[in-house]
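Enquirer: The active site, proton donor annotation in TrEMBL covers Glu150. For Glu307, the entry in TrEMBL reads active site, nucleophile. Summarising the annotation, TrEMBL assigns substrate binding site to Arg111, Asn149, Trp315. The Zn(2+) binding site annotation in TrEMBL covers Cys115, Cys158, Cys160. Marked as domain 'Glycoside hydrolase family 42 N-terminal' by TrEMBL: 14-384. The domain 'Beta-galactosidase trimerisation' annotation in TrEMBL covers 395-596. Residues annotated as domain 'Beta-galactosidase C-terminal' in TrEMBL: 605-660.
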Amino acid sequence: MRNWHGEGIWYGADYNPEQWPEQTWAEDIDLMRRAGVNLVSVGIFSWALLEPAPGRYVFDWLDRAIDLLHDGGIGVDLATATASPPPWLAHRHPETLPRRADGTVLWPGGRQAYCPSSPVFRGHSLALVEAVARRYARHPAVVLWHVSNELGCHNVHCYCDVSAESFRGWLRERYGDLDSLNAAWGTAFWSQRYHDWAEINPPRTAPTFANPTQQLDFLRFSSDEQRAQLRAERELLNRLVPQPVTTNFMIGTGIKYLDYHSWAADVDVVANDHYLTAADPQPQVNLALAADHTRGVAGGAPWLLMEHSTSAVNWQPRNVAKTPGQMRRNSLAHVARGADGVLFFQWRASRAGAEKFHSALVPHAGPDTKVFREVCRLGADLRALAEVRGSRVDADVAILFDYEAWWGAELDSHPSVDVTYTDRLSALHAALWRAGITADVVHPSADLSRYRLVLAPTLYLVRDADAAALRRFVEGGGTAVVTYFSGIVDEHDHIRLGGYPGAFRDLLGVRVEEFFPLRDGETVHLDDGARADVWTEWLHAEGAEVLAAYTDGPLPGVPALTRHAVGAGAAWYVGTRLDDDATDRLVARLLTETGVRPPVGAPAGVEVVRRRSADRSWLFVVNHTGRPVRLAVSGVELLGGTRCDGELEVPAGEVAVVREQPAPVPATA
Ligand code: GLA
Ligand code: GLA
């Protein structure tokens, strides 16, 4: 891994100088310096300008822009510029256009209109990468390379004939022979047996439910095809340039079909884009989840927030602006959770194009604005936090996350459409957030030994090795929690027979003989006072202690919540969809059992996260409430806060960061 760290925290934005007359550029640099910007992503959507005709490259304008930035002391995260092909590509090679499952062609005019499996696209894009890399490899402004942009954001699934051929190649690689594929896909069902590879297609629009394993494999293939573009560009860059390489992931903004856990090895630094959902009543909680997941993808290492927004976006139905102070809280919450860089989309709000109503660092109204003043303040804040760079986030809790389990859990023709993959993940993570506990969101194959508590929400699809790892974690003294619709199938989406939750039956000491999903809006109650909905099941405790049973609904008297002592630890099972109050109570019991505590006691709505290096630690306090709060924190204040009666007072809506003295001993040491 090449080093991507600078002197402190990176701060900046996508910078698209090509959208502006060159007279504007000098003012841009001045304002960037005023704001404390030290890194900008350049050239992301520049392909059509850099290569106006195949093989003819025009770099003079980019030379001037990058030189100007360098003169201003601003680093460049240089794009390979392959994010969106120029119109000439599809004009000359219409077969490079992607197709939907029903055959609809996706035409140029937006962005990313290319088939990810197209060898023509790959060839032209790599030629461009090579030209850009050779031109700027030794430019002193360039500190990082940015492959493409949000790979697979709009074109993740292509069903064209080129993709079909590539899918068949991928399947041959995976299965070797047709018998293995037929067995894995369960093609004895519905007369689906294949006798020739040529008979196989992507799961194109069919009269009824397509084969689920075919669907699952197509999703795996599609993620791999996008990843192949990343790998091809990175290999080329590694040969031609000395700087580190990244691309921007989209963790936590609803993007489902890219398996970032498998991509992390292909970048020198994990970078993420994150946007709030306007309709979300508590966006700071989902922001924390996205950041915790990004850190999990990064294996706990610091990461880069490559994009977020200073205020409103343009692509939601109602694009809500950020209230004063909200951008700062958002940015610093990302830093608290491991980001060593805070970048935005984009530097200057566009005058034209589909994103002209998207916020930026410099709004249409100019620098004399709330947004630009906050941008300048944030720049100063990040300078004050330079010393946290490289430190890691303390977490004693892990939540398991597997994109394949997500894909599998939400395939069609399942027991209930109300069972969605991220529902319990969000609910449990939010309960931990309310309890002041930071969790890493990690892949089931991650090393669990450093955690005390591991949660497995809706882990529908699980591999034998990963189920075994969770068992070892519990035997070794850990506490695990598994929620309903977990352990149901193997990696081929075949049911694990003998009773649910298949892979976790022995660990949990329960056996479920039948699912009893609830009707829309139906609720049930448990004898510990909990309320639940969506899901119940006919569960037998076979070794587990029953902690709560239903008092009503289809299964009165049947266990809903159990705990099984295993080795030196315990495995809890939650067989229904508890409401938030009951989830809070469950989490409180788990924290008591495991001895996991927040870094410091804090009132509701106050987020406290600890980062730690070898010999220091820092406490981030984000006050999301509308009133000042006081916490028992001592140390050196790097940011915000005032001392009151020996306590740290953090004003309403503000953020404080304290270097703790002495650094507390890690809980897991
Ligand atoms: C994504 C893209 C950017 C821009 C923003 C708008 O993150 O990478 O180019 O479109 O969304 O929010
Ligand atoms: C119909 C079909 C069966 C089966 C059932 C499922 O009756 O004939 O093959 O698909 O529906 O309910």
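Backbone N, Cα and C define each Cβ position, glycine as well.
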Enquirer: Please report the Cα separation of Cys160 (Zn(2+) binding site) and Arg111 (substrate binding site) in Å, rounded to an integer.
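Expert: So the alpha carbons of Cys160 (Zn(2+) binding site) and Arg111 (substrate binding site) sit roughly 18 Å from each other.
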Enquirer: List, in sequence order, the residues of the same chain other than Arg111, Asn149, Trp315 whose Cβ lies within 8 Å of the centroid of the Cβ atoms of the recorded substrate site.
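Expert: Going along the sequence, the neighbours come out as Ala83, Ser84, Gly110, Gln112, Glu150, Cys153, His154, Glu355.
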Enquirer: Taking only the Cα atoms, work out how far the residue listed as 'active site, proton donor' lies from the residue listed as 'active site, nucleophile', in Å, as a whole number.
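Expert: Cα to Cα, the residue listed as 'active site, proton donor' and the residue listed as 'active site, nucleophile' are separated by 10 Å.
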Enquirer: Out of the recorded positions I have (Asn149, Glu150, Cys160, Glu307), which ones have their Cβ sitting under 6 Å from ligand 1?
Expert: Asn149, Glu150, Glu307
Enquirer: Determine the minimum-neighbour residue: among Cys115, Asn149, Cys160, listed as binding-site residues, which Cβ has the fewest other Cβ atoms within 10 angstroms?
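Expert: Counting other Cβ atoms within 10 Å of each of the binding-site residues Cys115, Asn149, Cys160 gives the minimum at Cys160.
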Enquirer: Using Glu307 (active site, nucleophile) as the reference point, find which of the binding-site residues Arg111, Cys115, Asn149, Cys158, Trp315 has the shortest Cα-to-Cα distance to it.
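Expert: Answer for the nearest of the binding-site residues: Asn149.
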Enquirer: Looking only at the domain 'Beta-galactosidase C-terminal' (605-660), how are its residues distributed among DSSP helix, strand and coil?
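Expert: Helix, strand and coil residues of the domain 'Beta-galactosidase C-terminal' (605-660) number 0 helix, 35 strand, 21 coil.
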Enquirer: Hey, of the binding-site residues listed (Cys158, Trp315), which one tops the CB count within 10 A?
Expert: Cys158
Enquirer: Where does Arg111 (substrate binding site) sit in DSSP terms: helix, strand, or coil?
Expert: coil
Enquirer: Taking the domain 'Beta-galactosidase C-terminal' (605-660) alone, what is its mean pLDDT?
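Expert: Value for the domain 'Beta-galactosidase C-terminal' (605-660), mean pLDDT as a whole number: 94.
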Enquirer: Can you give me the Cα-Cα distance between Asn149 (substrate binding site) and Cys115 (Zn(2+) binding site) in Å, rounded to a whole number?
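Expert: Asn149 (substrate binding site) and Cys115 (Zn(2+) binding site) have their Cα atoms 15 Å apart.
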Enquirer: Under a three-state reduction of DSSP output, how is Asn149 (substrate binding site) classified: helix, strand, or coil?
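Expert: DSSP assigns Asn149 (substrate binding site) to coil.
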Enquirer: I need the neighbours of the Zn(2+) site defined by Cys115, Cys158, Cys160. Which other residues of that chain put their C-beta within 8 angstroms of the C-beta centroid, in sequence order?
Expert: Thr96, Leu97, Pro98, Arg99, Tyr114, Pro116, Ser117, Ser118, Asn155, Tyr159, Asp161, Val162, Ser163
Enquirer: Between Trp315 (substrate binding site) and Cys115 (Zn(2+) binding site), how many Å separate their Cα atoms?
Expert: 23
Enquirer: Take the Cβ of Glu150 (active site, proton donor) and count every other Cβ within 10 Å, whichever protein chain it belongs to.
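Expert: Other Cβ atoms within 10 Å of Glu150 (active site, proton donor): 21.
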Enquirer: Are there any residues in the same chain, six or more apart in sequence, whose C-beta is under 8 angstroms from the C-beta of Arg111 (substrate binding site), and if so which?
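Expert: Looking at Cβ-Cβ distances below 8 Å from Arg111 (substrate binding site), excluding near sequence neighbours, one finds Phe45, Ala83, Ser84, His154.
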